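One structure below.
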């Protein structure tokens, strides 16, 4: 190892960024899916005709995991085994992964809680559906903000 080459552990931070992106966003998506699914199951006892209409929170929770997958693949494809992969670039990748992962986790929690309460409320009062959709959109956009920041960080040149 020459004195101007990056340290041997430099790839660790990039790999942790990719791992953080997919793991945290998948945790958020899983929580959102499970929590919304419980609401759908409880609601379907009273109003089985609303099951397909109530799938929306589950779909929106699944999209959050796609954000993490995109960033993890982008980070993984930008890592190379040469001296061009610097410590600075690996820290950018770590920040990108944490950005999309943790915002996806928060968005998944929000989608799950809103989806659970929303589908149960929609079963009792169908006019609540539009309000639920608007709140779900605002919850989902939190993950999108993390994706935008992650894309900016992961494509930044050193």
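Cβ from N, Cα, C; glycine included.
Lifted from TrEMBL, the feature list:
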- 12-34: transmembrane segment (TRANSMEM)
- 16-75: domain 'V-ATPase proteolipid subunit C-like' (DOMAIN)
- 55-76: transmembrane segment (TRANSMEM)
- 94-153: domain 'V-ATPase proteolipid subunit C-like' (DOMAIN)
- 96-116: transmembrane segment (TRANSMEM)
- 128-153: transmembrane segment (TRANSMEM)
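Remote same-chain partners of the transmembrane segment (55-76), defined as residues 6 or more beyond its termini with a Cβ less than 8 Å from a stretch Cβ, comprise 14, 17-19, 21-26, 28-33, 36-37, 39-40, 93, 96-97, 100-101, 104, 107-108, 111-112, 114-116, 118-119, 132-133, 136, 139-140, 143-144, 146-147, 150-151, 154-155. Residues 16-25, 27-36, 38-39, 56-58, 60-61, 64-65, 67-68, 71-72, 75, 132, 135-136, 139-143, 145-147, 149-151, 153-154 of the same chain sit 6 or more residues outside the transmembrane segment (96-116) yet have a Cβ under 8 Å from a Cβ within it. Summarised as a single figure, the pLDDT of the domain 'V-ATPase proteolipid subunit C-like' (16-75) averages 95. Residue counts for the domain 'V-ATPase proteolipid subunit C-like' (16-75) under DSSP (helix as H, G, I; strand as E, B; rest coil) come to 57 helix, 0 strand, 3 coil.
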